[in-house]
């Protein structure tokens with residue numbers, strides 16, 4: 001039987017390794033106990049507590065869960081209040097206006113006139129808004145009812161006309177109250193009763209100058225051109241509108257030349273949004289009054 005000889009130094013190193021392993025195990029156990037002291041109910045020694053420690057509180061789990069659900073519900077309601085970019089119709093409008101602005105800059109760099117560029121841009125913007133932002137049905141019905149009420153009031157006023165015994169001054173005041181027109185225009189001259197021949201004369205003179213452009217004062221202290229074609233209205237509707245201008249029916253009955261620029265300005269200021277944006281209303285009233293006085297003086 002062979003004998004195995006063990007070196008004493010190897011035994012000593014093995015014992016040292018065992019002692020180190022035991023110390024390592026003891027250290028690991030101590031660290032585990034320290035880290036799990038809060039689970040065993042052992043108080044933890046803290047040298048310095050945070051300043052906001054008083055604000056900490058222990059709440060019931062169910063109560064905290066209810067509060068969290070309530071806060072989430074409120075956040076959901078806030079999100080419902082705001083529309084997303086796909087739902088907000090003003091987002092594409094802003095993009096469209098940015099594109100129009102870039103187009104205006106490019107045209108101005110090529111040397112085109114500013115008033116021409118601006119007039120076209122305004123027309124495009126108005127058309128875009130009218131197409132993408134239609135008026136509500138309730139508003140249209142309210143406008144129709146208001147217009148019907150005004151027509152009934154005018155019919156009642158015309159049926160209760162003053163007698164012949166009243167003076168001419170009272171007739172003039174009544175006609176000036178019933179007639180309509182832009183502010184600043186003097187309605188002292190009254191219209192006489194018209195018939196088919198008067199409407200035919202008015203329509204004839206307007207048709208002859210339907211595409212002729214007239215100068216009007218603009219908001220930018222300049223002028224711009226406008227004609228009857230840009231009203232996008234039927235000739236019969238234009239004739240009915242201009243009959244409300246004082247003196248027009250009398251001049252048409254006498255076969256006189258009519259103040260077409262005054263008539264165009266009156267109709268456009270009431271029925272054209274683009275014209276309302278471009279024109280200087282104060283200067284327009286004075287211009288129409290001057291034209292009317294000049295034609296009535298002949």
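Backbone N, Cα and C atoms are what each Cβ position is placed from, and that goes for glycine too.
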Ranges in play 41-60, 61-80, 81-100, 101-120, with Swiss-Prot marking region 'Disordered' at 61-80
Same-chain residues near the motif 'Nuclear localization signal' (212-215), Cβ under 8 Å, at least 6 residues beyond its ends: 223-227, 260-261, 264-265
Give me the long-range Cβ neighbours of residue 211 (phosphoserine): same chain, 6+ apart, Cβ under 8 Å, in sequence order. 227, 228, 229
For the motif 'Nuclear localization signal' (212-215), mean pLDDT (0 to 100): 90
